[in-house]
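Structure first, commentary second.
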């Protein structure tokens, strides 16, 4: 190989070695990332507890503890110690165990998963405006869900989330198939194919709503399209939690690979990354995780777009830190957004997607302004 041909590989290696671990103004010191992780973890735990306590009918910490102790059978351990747990009334126990706890935990799992998917999509496409729904996943899931809602199929247990998940996967397959039909799958072609499929699904959703949705079904459809965890159950916690734990952890372990993609495909290939295979694997993982989350919560915007940018201000671009801290930040953000959605106009509830958009849009504008000031 001649000397000029080694310029790009050598530069890629040097750039990766010299890449800053933190953004300008980020916390310095070896313990900075660890401290940030501990702080965000503490914020998440406090957020979930606060979400269970806060509501139109406030609960005390003692009542929450008694309910959890009863259902987790901790009372069997405490009773021999003379620390018996007095059960709550059925109404207040139901508020904790059947309503607020699964709702808060589902919001946390969805927020964490969407934030991780947003980081991965922005890195793979090298597009700062990418989010988990870029490849038409949200529109595909919405089409599947709306078809079930307007036909009355939602009355069948689990049919709505299954239809939403299936719609998301089919939309991804169509987007990647279209991108491949146009030639080699590149970030630009992938984005354009995703936008095309997204618009097609959105048009189909609009047609179905215009033609078929009437009365109470319209409110149900719009609530799903704008995102909500109001109907979350422990099944929702299991689905979103398992998906985020398994697929999200797998995505987090790809941090070094995503660092290589930051410098472009040629540089990533030079650094030993099988670009095509890795991109497909990561896209499929993002699609499966996003589909599982959307099937339980509907389309909640801005979480996967805003949180990665906000966390980068603290951690920099190194994905080893960016991915887990984005997950913690996204979980806390969505827990508080849902708490606002159900308490702001109580007893009426807002779809949580309205709150995330209302908060996310000005935050995104601020991040753009701050980035421009640094440029």
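Backbone N, Cα and C atoms are what each Cβ position is placed from, and that goes for glycine too.
From the options 79-98, 319-338, the stretch TrEMBL describes as transmembrane segment is 319-338. Looking at 1-28, 29-56, the range annotated in TrEMBL as region 'Disordered' turns out to be 1-28.
Remark: the transmembrane segment (350-369) makes no contact with the transmembrane segment (133-150), by the rule of 3 or more CB pairs under 8 A.
Among the listed stretches 34-54, 133-150, 157-179, 191-213, 319-338, the one sharing the most Cβ pairs under 8 Å with the transmembrane segment (234-258) is 319-338. Beyond the ends of the transmembrane segment (319-338), by six or more residues, the same chain brings 21, 33, 36-37, 40-41, 43-44, 47-48, 51, 103-104, 107-116, 118-120, 123, 229, 244, 248, 251-252, 254-256, 258-259, 300, 303-304, 307-308, 310-312, 352, 355-356, 359 to within a C-beta distance below 8 angstroms of the stretch.
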